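Undergrad: Structure provided below as structure tokens; questions to follow.
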């Protein structure tokens with residue numbers, strides 16, 4: 001009976017935190033009122049601020065491009081690992097950037113711009129990290145988000161969204177060429193869309209209101225790049241789902257490098273500035289894919305350390321932290337990764 005009572009109290013607390021409004025009235029998303037509500041909330045654990053990345057809720061929905069696979073899709077497409085054979089001690093703090101300092105890509109923050117390609121960015125970022133990590137620094141390749149969004153038809157609809165797991169399957173089956181940002185213009189197929197600014201003042205142009213269309217698939221490299229398209233491809237050896245278990249996810253990161261994860265984005269997240277995010281208020285907006293690079297504990301609150309794809313001016317220098325170990329916003333339910341072909 002005691003266990004049931006504790007469960008009911010815990011459930012009530014959870015639901016209360018997820019439907020909280022001011023004076024029982026819905027708070028307008030992206031508004032100053034929502035920002036104030038979050039910053040004044042005693043249990044939020046994070047700070048909100050004004051952002052120009054999203055001009056409206058409809059605008060934000062378009063850019064939330066991570067689609068969820070159902071259980072059958074996951075089961076039929078790739079195995080799920082539980083790492084029961086990995087007997088490694090899990091530290092309270094772990095940062096892939098410090099573990100593998102020779103792999104500079106781990107510290108890199110990309111920008112998907114005005115395109116719902118987060119599913120592709122989370123994938124190529126983690127793949128890029130893993131190429132360096134799993135080769136012991138012997139290989140280095142910045143994989144192209146453009147090649148993935150334009151040529152992987154099974155993945156989804158490019159700038160209109162896609163499946164993170166299928167991106168990893170594509171890496172194994174078809175391979176992905178290299179490609180940096182529009183600004184550095186490196187590799188076979190650099191990203192065609194510019195980095196854009198989240199705030200009124202900054203070093204990048206304003207994000208604007210234009211939503212980019214998915215580029216056509218071109219199996220050629222940019223002019224002046226010497227390696228042919230097919231020869232520039234890098235392949236994975238295996239793609240897999242990571243079991244919905246905090247310790248399994250941690251072990252996978254410790255052994256093989258950052259992973260890609262997708263989570264449910266609520267209205268309050270659109271104003272995230274700093275701290276350890278947990279859902280405080282607002283309805284669901286859509287799905288977003290990111291790269292988990294580590295974890296830690298602050299003031300007894302465990303968190304995931306996460307790299308976003310909205311450039312380094314957003315959040316904590318391009319990163320954010322989210323409560324760990326309770327599947328906050330389903331972030332531990334949709335984790336995918338893979339091994340490189342050696």
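Just so it is clear, glycine is given a Cβ too, placed from its N, Cα and C backbone atoms.
This is the feature table in Swiss-Prot:
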SIGNAL    1-17  signal peptide
DISULFID  103-132  disulfide bond
DISULFID  115-159  disulfide bond
ACT_SITE  118  active site
DISULFID  151-217  disulfide bond
DISULFID  152-155  disulfide bond
DISULFID  188-221  disulfide bond
DISULFID  196-207  disulfide bond
ACT_SITE  288  active site
ACT_SITE  308  active site
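In the displayed structure, how are the listed features positioned relative to their neighbours?
TA: Following the DSSP three-state reduction, the secondary structure of residue 103 (disulfide bond) is coil.
Other Cβ atoms within 10 Å of the Cβ of residue 115 (disulfide bond) number 27 in total over all chains.
For residue 118 (active site), the same-chain residues 6+ apart in sequence whose C-beta sits under 8 angstroms from its C-beta are 63, 64, 65, 66, 112, 288, 289, 290, 309. Under DSSP, residue 118 (active site) is assigned to a helix (H, G or I) in the three-state scheme.
DSSP assigns residue 151 (disulfide bond) to a helix in the three-state reduction.
Annotation for residue 152 (disulfide bond): spatial neighbours 120, 162, 166, 167, 170, 174, criterion Cβ-Cβ under 8 Å with sequence separation of six or more.
Around residue 221 (disulfide bond), the C-beta neighbours below 8 angstroms that are at least 6 residues distant in the chain are 177, 188, 189, 227, 228, 229, 232.
The secondary structure of residue 207 (disulfide bond), as reduced to three states from DSSP, is coil rather than helix or strand.
According to DSSP, residue 308 (active site) is assigned to coil rather than to any helix or strand.
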Undergrad: Out of 188, 217, which of the disulfide-bonded residues is least crowded by other Cβ atoms within 10 Å?
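TA: Least crowded of the disulfide-bonded residues 188, 217, by Cβ count within 10 Å, is 217.
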Undergrad: I need the nearest neighbour of residue 217 (disulfide bond) among the disulfide-bonded residues 103, 155, 207, using C-alpha distances.
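TA: That would be 155, nearest by Cα distance.
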